[in-house]
Structures are given as structure tokens and as C-alpha cells.
């Protein structure tokens, strides 16, 4: 029997095992087809963008490694993304930052317009990919001292307010073009390296700046505003203006989407435990699935306990319709297309695993006080044949099963990536 036949045979056996514990595999696979992951563009070029100034990455962001093949142009980045999407089962999104526009000449960030992203809109339509967006509040002279929307200088603050206003207009145009809301996520690096004398004033300025940016209302069918918190960053170890409490309150009071990044909290703190709590009070949630190693290092997402817990909480709470799943990692030490494939496939595997969990049976045991049975079933289901179901899912949508996708990447690396030369990939 050939490999395809073996995959189907293994799937039939796996389906029987899951049925034995009350799990409808076919229903889970049907739900999987509606799951969209927002794949981040910045993994492909080490967060450099296309503004043309080749400025250093700043404001607490760092990319390490010098693996050859970094995308240097929009065409190269789009080519890399097309390969990555072909290796990932399902229809997914692209998350763009504002510094990735098609700029002909110097265009400052408060001057960007829809026309600078029309090429991306056209490409996304052709690729059947939906777009999400982000203002870029970093790696710019007006962010050199670590402050943007909370800056004490009203002129600098207004520059960044205008950038946010421009980005919302672009996001709305993207959403209108794709007939689906473009999630527009706001993260700013503002904070102090050492203990501040005034924690209140910067937060008041940030709230006022955000209110100014959001003053114009756009239809929810076009764009949704998200706000993202962080505990600390390089250069803002002692104080971050946009803390979790700040943005939680802001999202609740202004009816905005809250963004939780898996790497933006203390290393012993997990966002999986926060999901059911915040979903009681905010309309929708944006997840930045990442992997921090001792700090917000943005390692490639692996199939970790926390990744599984995040997706379990999303599925158990029946939040798939209100939670937007995005990725946020950047690693220049390995093949960048492979990084996309590994991280996105792992995120999807975790969603599938959560959909294959005997959740109702576990809840029944818990309500009846059968905590022994709950633990036993939770542990037993960990070794059920998820891989067989995953391989079937990949094969059913003409995507390489198992590690077969790696050969596609190797070939692309040999034929395409190896022809690129860029010594600046080491940051």
C-alpha cells in the first residue's frame, strides 16, 4: 500500500479510537476548515520592512541569526509566503505591518495611504488570503527615546496619532476589499528603563492619543481595532505605559478587541488562563501566539503544553467565533519559510487536538465530582492518534502530510533562496 493509502488506513483506525470516547472526528475536521491563522509577514525579512532606510531594528525588538535567503523585496516576500501557504492546510490570513508598504521614494509614517498597500490588496485577492494590519510604532527617529503615543512632546505625539489614523484608513480599505474585517492591532513600546517619577501622566497621554486615533468610526465589517499590552521590554524594564491593566480597561470601556501576546507576560504567567476571564468582558480577543524562552524572545511556536492549553481554552469556551488567532515570532537562525510552516502547522495541530478532546465527558465528570476520572481521561487522550487525523486532514486538502513539506522547502532553498545575498540579515 502506498503512503496515501497508509494515511487513510491509519485515519480510519484513529477515527474508531476517538469514537470510542465519544468524539466525532468528522465534525472536528469540518470545524477545522473554518479556522484561520493570521500569518505574520515579518518572519520573512527579519522585521526590516520596505521603507528603504535600512535602519536598525529598535524599541526592544531583536532578531538573531544570519540564515541566508531573507526576503529583500515585496516580490520575494510574496513568493516566500506563497510557498508557506501551500504547506499549511486551510485558508489563512496575512498580518502586515505598516512599514511593509510599496513606497516609491521617501514616505514618512504619518503620510502612508491606501495606495501604498494596493499591491498587497491585489495580491491577497489573487491568493485568496485575507489581510490584517498593524501600525508600526518602532524603528523610527520619532521613537528613538522609547516613547510614541505617550510622548511628552505634543508634536511627536501628534505624528504618531496621525500614523494611527492613516493605518485605520488603510485597514478599513483592506477589509472592504476582502469583504471581511481587517484586524488592526495597536502596540506601542512606550516605557522607561528605570523607575519613573510619574506613572500616571504617560498613561493619560496614551489614552488621549488612542481616543484621538479612534475618533472616526469605521464599520465593523471593514476593520476592528485591537490593543496589545506588554509587561516589559528591552529598554522598558521598569515601566510600560500600555500594561495589561491599562489595555484591559481601555478595551472594556471603548469596546475594542484585546490582544494577548503569549510572550508579553512574566515567564511563569500564561495567557491560556486569561482567555475565559477576559472573554467575559471584551467583545473579541486577538491572540499573538508566540514562544518566549526566559523572556519575550519570539521563538518559533512549538507544540508545547502552553500552545495546547491556549487552543483548549479557545475551543472549550466555544470562542472560535470571537477569537482571532495570529502568530508573532521571528527567527533568522533557520530557514524562514520553514519557520512559518512549523509554527503555523503547530498552531493548527493544537486547534485540532482541542477539537478532538472529549470535552463534554470531561465536564460531566468534573460536575459530578469525579476528579479521578477527569484526570485519567485527560491523560489517556494525550496519546490518542492525533497524528493520523492530522495527516488525513493535510492530505484531504492537498497539503504535504507529516514532514513531507520539508522537501518542498529544501528545493525552494536550493533554487531560489540560495540566490539571494544579504549580509545585513545578522541583527
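Here the Cβ of each residue, glycine as well, is placed from N, Cα and C on the backbone.
When other Cβ atoms within 10 Å of the Cβ of residue 298 (Mn(2+) binding site) are tallied across all protein chains shown, the result is 27. Annotation source Swiss-Prot lists Mn(2+) binding site at 264, 296, 298, citing sequence analysis.
Neighbours of the Mn(2+) site: apart from 264, 296, 298, residues of the same chain with C-beta atoms within 8 angstroms of the site's C-beta centroid are 230, 261, 262, 263, 290, 292, 295, 297, 328. Within 10 Å of the Cβ of residue 264 (Mn(2+) binding site) there are 25 other Cβ atoms, across all protein chains.
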